[in-house]
Amino acid sequence: MDVADAQIGQLRVKDDVGIRTQKLFQDFLEEFKENGEIKYTRPAANLESPDRCTLEVSFEDVEKYDQNLATAIIEEYYHVYPFLCQSVSNYVKDRIGLKTNKDCYVAFTEVPTRHKVRDLTTSKIGTLIRISGQVVRTHPVHPELVSGTFMCLDCQTEIRNVEQQFKFTNPTICRNPVCSNRRRFMLDVEKSLFLDFQKIRIQETQAELPRGCIPRAVEIILRSELVETVQAGDRYDFTGTLIVVPDVSVLAMPGTRAESGSRHKPGEGMEGVTGLKALGMRELNYRMAFLACSVQATTARFGGTDLPMSEVTAEDMKKQMTDAEWHKIYEMSKDRNLYQNLITCLFPSIYGNDEVKRGILLQLFGGVAKTTIEKTSLRGDVNVCIVGDPSTAKSQFLKQVSDFSPRAIYTSGKASSAAGLTAAVVRDEESFDFVIEAGALMLADNGICCIDEFDKMDLRDQVAIHEAMEQQTISIARAGVRATLNARTSILAAANPINGRYDRSKSLQQNIQLSAPIMSRFDLFFILVDECNEVVDYAIARKIVDLHSNIEESVERAYSREEVLRYVTFARQFKPIIGQEAGKMLVENYGHLRQRDTGTAGRSTWRITVRQLESMIRLSEAMAKLECSNRVLERHVKEAFRLLNKSIIRVEQPDIHLDDDDDLDVDDGIQDDIDMENNGSAANTETDTLDTSGASTVQKKKFTLSFEDYKNLSTMLVLHMRGEEARCEVEGSDSGMKRSDVVTWYLEQVADQIESEDELISRKNLIEKLIDRLIYHDQVIIPLKTSNLSRIKGPAEEQVDNDPLLVVHPNYVVD
């Protein structure tokens, strides 16, 4: 409603409800006491500062003072809000004695009921409510015209305090009684009131979202001191009211096209039928938004009491818990089998894989984030990657973690882009400015981001999360927007091996399509291999049948899901310090890892660097948090070192049976192996006795090499052959070595180790079978034959192909 000018003497309608509420609220500010003194005297004194204009009032205090006043504020909040602000201005002016008129505002906190974004309906318009959600988009700060001063262009009358209804609003009529101007007004910018204004968008959290539904979103309007107080990815509670605003984006859409050569005069009929605005016509394009008066970070609940998680400590949590909750946490911390009981409660439907469960459990607790003197941030979150064959419960691990953790985001690598994982720069529908929209890593800030099918991601998308995994920030420089955003999240990834099955004869890096920088940023790698084991298969089948037959009774848990979540939230607040003994053990264990990496011919899955030392520190701190300890002890370091070994050591390699590839060879080598004895140390033999027709006995000798001997021998052959190829290329002759030349060269190298003719024959057969495996199985060596189109060859072709030229595959890289 327009406020009348006193000089003109125009009448104003008296608002009895607003005036009565203003008087009651001012009495509340002047009379409400806490601990014997008026509570809001000191906060009101702080409003004397030029950059402060909002007084925060606890709604619980209003309910204690007058229940009728609290009911009136809740039900008629938008109606009485200007009167509440006027009472705050009067109270501040009386208490401080301000000589200038300063507009003050009120912000309510601790509103009892919290609503979800999905529950916002038109019935809540104008009432005081509190909603919670996750910020997914933030807009830049703009000035907003709140109260305008206009000048009539017909009679030059000044019209003050014209309230703006969420869009530019002209006075309905000139205040001068002798002037009936309704359209021709000009805004006086110097005498108008502007406030800072920021628009953000929040959406439902993952925990509140019904399964299979699209998250609902709502726009939040922040004013004055609230601007730039929220960040994309964080979760907040917003207190305010639901309003209806004109949909400017629809109004700004282009209408009919401009026609050239119109018969009308210039400027005539530009607005269609004129005069309808004077009759009260309004556009019907509106949408709902939320006008916030206070913002608080979303908090965890203990005993029904909220605590700000950014400033909370373990002692604060203890004070806010009930006696039963505290006794249960204390009992759990003294449990000798707490480590095992927690993984049983977290993953009751998954059989086995206890090491993976322990690693994920320590990821939930996390390490301690630190900041050096040079302001360099050291991450405390633990990153875990699970690599395994299909049907080894990889996705089940991720699903259960995303359901359990309160701040967890589940996404698939193949269906996610770089912008969807980090952050996107999009154009605003109304102002057409570029704004930042949070991705999965930002939405999982201070939580866990579960990425399934991690190996299916494009290479450019993997590169986009390098910074987020180590520095825990996301830097954006696109479309004129430059920003560094927080991504303090742990990453739990699942990947499938190349070709679907994990090849034990290859290293971890050769089994997955991940770059070395990405692999080094994971603290733990767990390899799950689907093996045929009668005992394990029976136990897994029994577990699955029990789950399908009776889901509730088949799961035995020492603690409930809520108790585990409460314990994890409480234990995460500890910040253990590394003691002198634990630090000494960390240094010694890191030295052992480095020595073993350089001295065991590639027994590790990847190169041991300082990042593995930092991983050991984070795991040790997580173990200390699990026990609610303020110091990292030696047993914590020992368990972290053992768990890290599970991922650093290569999966135990099986022996190489050279005779397994006889069917791929040109010649069947069975008859050549009869009556052959192997007395050398390089290979072991196994004798199979085959009875044919009960009379004759055929013995087949099988050559078996350990994986390490196989790699050393094949590397020696490849390096020699490449050296010969390089020499032949320089001399200009045919490149490559004949098969017989390779065998002869090897026998010359081991001539001093051969003591008998039988051993010479054994060595010769061994190297020939090794060459066959490198040709037909590993495809490291390429035979240059004259005819390889058919396996049935004539005598002439057979004689030519018995001793082909051998060359190393040009794409083969020696480990």
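Including glycine, each Cβ sits where the backbone N, Cα and C put it.
Features reported for this protein in Swiss-Prot:
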type     : residues                           : note
ZN_FING  : 152-179                            : zinc finger
DOMAIN   : 338-544                            : domain 'MCM'
BINDING  : S391, T392, A393, K394, S395, N496 : ATP binding site
MOTIF    : 520-523                            : motif 'Arginine finger'
BINDING  : R611, E614                         : ADP binding site
REGION   : 672-693                            : region 'Disordered'
COMPBIAS : 678-693                            : compositional bias 'Polar residues'
Pairwise CA distance, T392 (ATP binding site) versus R611 (ADP binding site), rounded so that it is a whole Å:
28
Could you round the CA separation between A393 (ATP binding site) and E614 (ADP binding site) to a whole angstrom and send it over?
28
Between S395 (ATP binding site) and R611 (ADP binding site), what C-alpha distance do you get in Å?
27
I need to check the long-range neighbours of the motif 'Arginine finger' (520-523): which residues 6 or more away from its ends have a CB within less than 8 Å of a CB in the stretch?
382-385, 466, 469-470, 491, 493, 606-607, 609, 611, 615, 618-619, 644
Counts of helix, strand and coil residues, the motif 'Arginine finger' (520-523), according to DSSP:
1 helix, 0 strand, 3 coil
Taking only same-chain residues 6+ apart in sequence, whose CB is under 8 Å from that of E614 (ADP binding site), what do you get?
L378
So if I measure Cβ to Cβ from K394 (ATP binding site) and keep only same-chain residues at least 6 apart in sequence, which ones fall under 8 Å?
I386, G388, D452, A494, N496, L528
Rounded Cα separation (Å) that holds between R611 (ADP binding site) and S391 (ATP binding site):
31
Per DSSP, what is the residue count of the zinc finger (152-179) in each of helix, strand and coil?
0 helix, 7 strand, 21 coil
Same-chain residues six or more away whose CB lies under 8 A from the CB of S391 (ATP binding site)?
D530
Tell me which of the binding-site residues S395, N496 sits in the most Cβ-dense spot, judged by other Cβ atoms within 10 Å.
N496
On the 0 to 100 scale, where does the mean pLDDT of the motif 'Arginine finger' (520-523) fall?
83
